[in-house]
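What TrEMBL lists as domain 'Cation efflux protein transmembrane' is 20-207. For 84-105, 117-136, 157-176, the entry in TrEMBL reads transmembrane segment. According to TrEMBL, the domain 'Cation efflux protein cytoplasmic' annotation covers 212-288.
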Amino acid sequence: MESSRYQQVRSVSLWGGLKNVILSTVKIIFGITGHSHALLADGIHSLSDLLIDGVVIIASKFGSKAADEDHPYGHGRIETAATVFLALVLALAGFGIIIDAGFTIAASHVNTIPSHYVLWIAITSIFLNEGLYYWTKRIAKHVKSKLLMTNAWHHRSDSASSLAVALGVMGAWAGFPKLDALAAVIVGLMILKISWDFGWHSIQELVDTAPSLEETKKVRQFIKKIPGVAAIHQLRTRSIAGSIFCDVHVLVDPQLSVSEGHHIGQEVEHLLTENFPDITDVTVHIDTEDDELTNPSRHLPNRATLQPILLREWKPLLPETIIHAATFHYQSSGILIELKLPLSFLDQPSLLQELKKITHSAEFITGIKLFYYNPSE
């Protein structure tokens, strides 16, 4: 799957690169010879696209690698970091075009008028870029690549900038020569807008910003409806290269077995990834009590500490095997102990009271339950 994803990104990016080689060469040469400030700026813009196409291919190749021992969450952040880099390149290109065109606008006289072929180059560029925009956007949605989506919108910005060039050239022909330079400024502003939109989004992803509140609310409500889930807390989500990683604490009945609690956790993981396509990784922490603000049972002794005490106190009344097999339920009020006894112990009706009496001084033991079973079954 990852290989197929990379192949699709590589294919569309290579075609984009071929387009940029041709257009940047044509625009720069004819922008100079045709006396069009806007077409020259557009050519520089297309030249920057070549770098972007290269970064997209390289970042997608490494970002599509599966998780390994050193990168347990995968390599998706490579794409995110590359998107930030692309945004910076776009911003620099945009500022450069605006500053250069600004000098031309500030000049007292602009005598040069763009040649007629500048318009036809701009129109050809519009059609090529629009075609690549729709193709790249479709692939980006299919493989869920923000990096490729950035490149798709970059093709759209190329198309819009070529439209501005065409309008500027026609304005210059109509007797307003500075409109060509003004068109270059418009190109620069469009580039800056796209740079900001994608750069800021990717920076948020790098610092583990959660998806929208609406999306998080949907996930929260969905988990609460899963059978066996009493409540949830500490739901945390983050985005990595188009995928969402989810961590959640799930509250279950404290009387459930460990295996049933684990099964509920597996159900949460399975149903989330099945119903939310963007969620690719889920970590479920099973709780028997709400520990969001405090850890109510942390002060209680663990099995390694408690079992020797019970062996010492209960040995006269119970076999060691039964004590070793005791089930401990940790609650905020203390520890509830469950013992499973053969039916033969029914002839000791006072056993429960004797056990409670012996452990009366252990205030952390809040209850003892006896369950009887037939060993022959």
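Cβ from N, Cα, C; glycine included.
Automatic prediction, not curation, is the source of TrEMBL annotations.
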Is it possible to list how many residues within the domain 'Cation efflux protein cytoplasmic' (212-288) are helical, extended or coil according to DSSP?
30 helix, 28 strand, 19 coil
Let me spell it out: take the transmembrane segment (117-136), skip the flanking residues so only those 6+ beyond its ends count, and list any with a Cβ under 8 Å from a Cβ in it.
12, 15-16, 19, 23, 26-27, 30-31, 34, 36, 39, 42, 46, 148-149, 151-153, 155-156, 158-159, 162-163, 165-166, 169-170
Rounded mean pLDDT for the residues that make up the domain 'Cation efflux protein cytoplasmic' (212-288):
88
